[in-house]
């Protein structure tokens, strides 16, 4: 099969390396800048504990049109970058192919098959993804995997490898089974699910407390409990997400209890040794002065809550703070330009 990784950053690069190492497929990556240059020159390096592996994609480019039509396109771009890539993603998909979106937060295809009105403007401005990629050609994928770009072309994998894929309408299709088998063949803990929206709410109930509070404080997960008030804020955020999910008909269990356990374990799974120094993706973006997935992880959640009549004061507050945090680098750059 021809497989493309569109956005081979931390998670996408790690997935690309596993697919290449699994063999038997033509794996191409789409990346940019110094990261792409390093991959072209030296391959894709994965650091995992004391192990180091290097793989080489069939092609590495920043121009998707250079690649032939693909059987599966894995989109691992951050949510805010997906709409601008809509046309290129659609053009990459072969006539019988499909697109797997791997991202945090509420996805652009959320309303597909629900009877609700179409696209979500916060995560799909101008409905570019909805109208160009089309939700009927899409699978979603929820990922629990700790990865970070340590240097251009180098990804540090810290642990956990759970990949949950599903159709937006909950059916078990041939393309879903093919995708899960492909991932499982690489050694990833891959599973098909029939209620992907519930899995997304489960992940959101973790992302909103941990990603957001770590980003706002610049602290890794294991440091949050040491600051009075931060654990309570995380628990309140988790409780509000669970209330919104319930209002949407989704039961996701005791979200605050899961967050309390995650804080005690540095973000590691309950059955694993504690992690130290783990930086969620949003904190990594803050430290790299990169754009944030504010709307997918928090803004769209708050909007769904408002539409369902669920009060979410903590989510509303951190959303305002995140939007301000996202604006700050642009203002700083503008000030710097004015001085030159």
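Yeah, the Cβs are placed from backbone N, Cα and C, and that goes for glycine too.
Pulled from TrEMBL:
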type   : residues : note
DOMAIN : 4-168    : domain 'Ketopantoate reductase N-terminal'
DOMAIN : 195-325  : domain 'Ketopantoate reductase C-terminal'
According to DSSP, how is the domain 'Ketopantoate reductase C-terminal' (195-325) divided among helix, strand and coil residues?
90 helix, 0 strand, 41 coil
Need one number: mean pLDDT over the domain 'Ketopantoate reductase C-terminal' (195-325).
96
